[in-house]
Amino acid sequence: MVEAGESAGYILDPERIPAELEPFKDRLSENFFEVRKRIINFIKEDIIPAMPICSRQYKEEIDKVKSRKPASPHEDPEHATHPVWAASPPIFDELRQKAKARGLYNFFLPEVGKLSVLEYAPICEILGAFGLCNVAMNCTAPDTGNMEVLEKFGTEEQKRQWLVPLLEGKIRSAYAMTEPGVASSDATNISATITRDGDEYVINGHKWYISGACRPECKVFVFLGRSGTSEQRHKQHSMILVPRDAKGVHIIRPLAVFGHIHDHAEILFENVRVPASHMLLGEGRGFEIAQGRLGPGRIHHCMRTIGTAEQALDAILHRVHQRVAFGKLLADQATIRQTIAEARMEITKSRLLCYLAAVQADDHGFKAAKGFIAMTKVDAPRICQKILDEAIQIHGAHGVSQDSHLTDLYHHVRHVRLADGPDIVHLNTIAKEELKRRSSVMGTSVSGVNKNVEKFGKFAHLPKPRARL
């Protein structure tokens, strides 16, 4: 437990909401303030004391996989005993039970937490800073997105078989979309096939960077593949549920992020057969489901990332009060103070943008808010990465050592700039929303017109250009 008088950090002050939330205070319910305090107390009383226990238990689970053999003839034996195959520490279940007892479980579902998107934003910031709390409350990706898909689009049988154990934290899941042979940021390129054969579907494909697929608790994939030849490009793909232990599912290897192996799998699907009842919503409706899944997922990524940015700034503040260079405490160096000031400004702006996107989603729905969600999806990881880089600079060699968590956070945040689409895809979404306005009286008057073009008519034969929006 955090000792009396010890600072718990800006993000764990139960009596003080972020200043950026003040303009939206009228939108905050009594439930939000009560829930936020309960979560902060949970972190101080249960999560923080559990952290060293979790680390110890995880090392014990790693020891158990040292004699593991490849589970498939296609699996790369080089990584057969890597820690990614280790089971979750037993304390995860203990903390889940404690979260349930406090009424803090499955809070990502609006009907459970009874929180608006805006109210969930500052909660997510806390969960981003304390990942173990995120696990304990069963609010981790990709499970949250997959559970939302099953909740919104699943049949009663699909919910019974997969959603219920996911909600109970008994199993985990993965989202199988990205492919190594095509530009998957344009999801219409996805080439894996889902072919109907009587009462079954036959699935063939090659996926990679499927997050969470290596962990033994993962039992099901939400799989995106091509199922038809409709003239409408966005009606050619479907989503289907594929059990991880289905015959023909081969995890080839865990994949690296910046050279460090993580729980992102490369998977081969060879003539995998699943019952026709595993189809989600219906053939050709994959992108319809995807939009329902990705809207909340993207904004949740951003909320958690702002919490990580706060971690990075707190690390800077801790370091600069401990070290002296060139005759001064680092905290007294003008360049260091500039870095701190700019970090706070960036977090403030990014947090406000995230809250604005949340308000737009609350008032108009995720589809209408897509431009604002795209802005925060680009901005939050970008500013967080910048602050982490400054934190590493200030920590010097220690910042890149195994004694610091800064490099782990840096790897993760750089990966977030690719998760749910790279920056350029979201920038394109923002630009298209702007370009729909085409022109205005103000734009025309400021841009100006060369009247001689029309007067002499030498360009009248040229077609008028039109952007593809």
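Placement of Cβ uses the backbone N, Cα and C atoms for every residue, glycine included.
Heads up, TrEMBL stuff is auto-annotated, nobody curated it.
Pulled from TrEMBL, these are the features on record:
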type	residues	note
REGION	64-83	region 'Disordered'
COMPBIAS	72-81	compositional bias 'Basic and acidic residues'
DOMAIN	93-170	domain 'Acyl-CoA dehydrogenase/oxidase N-terminal'
DOMAIN	174-272	domain 'Acyl-CoA oxidase/dehydrogenase middle'
DOMAIN	284-433	domain 'Acyl-CoA dehydrogenase/oxidase C-terminal'
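Long-range Cβ contacts of the compositional bias 'Basic and acidic residues' (72-81) within its own chain (Cβ-Cβ under 8 Å, at least 6 residues beyond either end) map to 65-66, 250-254, 261, 268. When pLDDT is averaged over the domain 'Acyl-CoA dehydrogenase/oxidase C-terminal' (284-433), the result is 93. Per DSSP, the secondary structure of the region 'Disordered' (64-83) breaks down as 5 helix, 0 strand, 15 coil. Per DSSP, the domain 'Acyl-CoA dehydrogenase/oxidase N-terminal' (93-170) is made up of 55 helix, 0 strand, 23 coil.
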